[in-house]
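**Student:** Could you have a look at this structure, given as structure tokens, before my questions?
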Amino acid sequence: MCGPDDRCPARWPGPGRAVKCGKGLAAARPGRVERGGAQRGGAGLELHPLLGGRTWRAARDADGCEALGTVAVPFDDDDKIVGGYTCEENSLPYQVSLNSGSHFCGGSLISEQWVVSAAHCYKTRIQVRLGEHNIKVLEGNEQFINAAKIIRHPKYNRDTLDNDIMLIKLSSPAVINARVSTISLPTTPPAAGTECLISGWGNTLSFGADYPDELKCLDAPVLTQAECKASYPGKITNSMFCVGFLEGGKDSCQRDSGGPVVCNGQLQGVVSWGHGCAWKNRPGVYTKVYNYVDWIKDTIAANS
């Protein structure tokens, strides 16, 4: 197997899924979605959507041969807000931006020194930016703290995105104030119909790209597990749940990944994946934080 952190790093500029390596297999580049769901990528690859609008199965490689596995599309890093609104400045003090030269994923501050994000957002070097609203402007409220430890869930699966959760230990504690503070972990699982708040600096378009400078918010309900599984047959595990609208139009998107889904003041979800952004019958899929509360607490205790 060869993936973004293995023997072909030049092919993978950002977080991605593992691929089987074969002669002539090249990394796909983002292209336009064509009729029938196919997409044309780099090196002559014909691509078909698999998960998240980020990962595609290659039908043939650069030499015209059958590709051996899945190709992770470099998506400039990760997931999205479509159909939302600009958040009130510093109204979500738990929201963080993960930066590696530029913003690439979101996260949530759960204690003075720990952040929850998505495992597929993993990079070896991450700067956590707290107190942000406009990520292109220094507004005077920010705290930039490097990651001291980056810990993916031990059972994270890059192919299925199961257990898509990661902890980041800050090199020094955040200074808690009105603009930087923590969000509580869940005490009960997310109930269908509950209104939640999703936030991030991700793409605001279902087709094309428009990345905002200011933090975007989206109010959306938790869907039933039956609705979630019907939207993605065979792909929803017990660690995943769906939030959004089956009619489409509102969703998280690229570069929102790792960010928070907050319901009744508790961190219930982590932005994980979806098929496209804000497509009909393709709601966003989120990591169910409730399932990982014990792992989070045990990991923090073991790395304090």
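Positions of Cβ are set from backbone N, Cα and C atoms, glycine also.
The model shown is predicted, which means the values in this text are computed figures rather than measured ones.
So Swiss-Prot lists these for the protein:
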- His120: active site, charge relay system (ACT_SITE)
- Asp164: active site, charge relay system (ACT_SITE)
- Ser257: active site, charge relay system (ACT_SITE)
- Glu132, Asn134, Val137, Glu139, Glu142: Ca(2+) binding site (BINDING)
- Cys87-Cys217: disulfide bond (DISULFID)
- Cys105-Cys121: disulfide bond (DISULFID)
- Cys196-Cys263: disulfide bond (DISULFID)
- Cys228-Cys242: disulfide bond (DISULFID)
- Cys253-Cys277: disulfide bond (DISULFID)
- 81-301: domain 'Peptidase S1' (DOMAIN)
- Tyr211: sulfotyrosine (MOD_RES)
- Asp251: site 'Required for specificity' (SITE)
**Student:** In angstrom units, rounded to an integer, how far apart are the Cα atoms of Cys228 (disulfide bond) and Cys217 (disulfide bond)?
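**Tutor:** If we compare the Cα positions of Cys228 (disulfide bond) and Cys217 (disulfide bond), the gap is 22 Å.
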**Student:** Using C-alpha positions only, work out which of the disulfide-bonded residues Cys87, Cys217, Cys263 is nearest to Val137 (Ca(2+) binding site).
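**Tutor:** Considering only the listed disulfide-bonded residues, the nearest one is Cys87.
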**Student:** Reported as an integer number of Å, what is the Cα distance between Glu142 (Ca(2+) binding site) and Cys196 (disulfide bond)?
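**Tutor:** If we compare the Cα positions of Glu142 (Ca(2+) binding site) and Cys196 (disulfide bond), the gap is 25 Å.
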**Student:** Using a 10 Å radius around each Cβ and counting other Cβ atoms from all shown chains, which of the recorded positions Glu139, Glu142, Asp251 yields the largest count?
**Tutor:** Asp251
**Student:** Show, in sequence order, which residues other than Glu132, Asn134, Val137, Glu139, Glu142 on the same chain lie with their Cβ within 8 Å of the centre of the Cβ atoms of the Ca(2+) site.
**Tutor:** Gly131, His133, Ile135, Lys136, Leu138, Gly140, Asn141
**Student:** What does DSSP call Cys87 (disulfide bond) in the simple three-state scheme?
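**Tutor:** Coil, per DSSP.
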**Student:** So among His120, Glu132, Asn134, Glu139, all listed as recorded positions, which is physically nearest to Cys253 (disulfide bond)? Use the C-alpha atoms.
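**Tutor:** Checking each of His120, Glu132, Asn134, Glu139 against Cys253 (disulfide bond), the shortest Cα distance is to His120.
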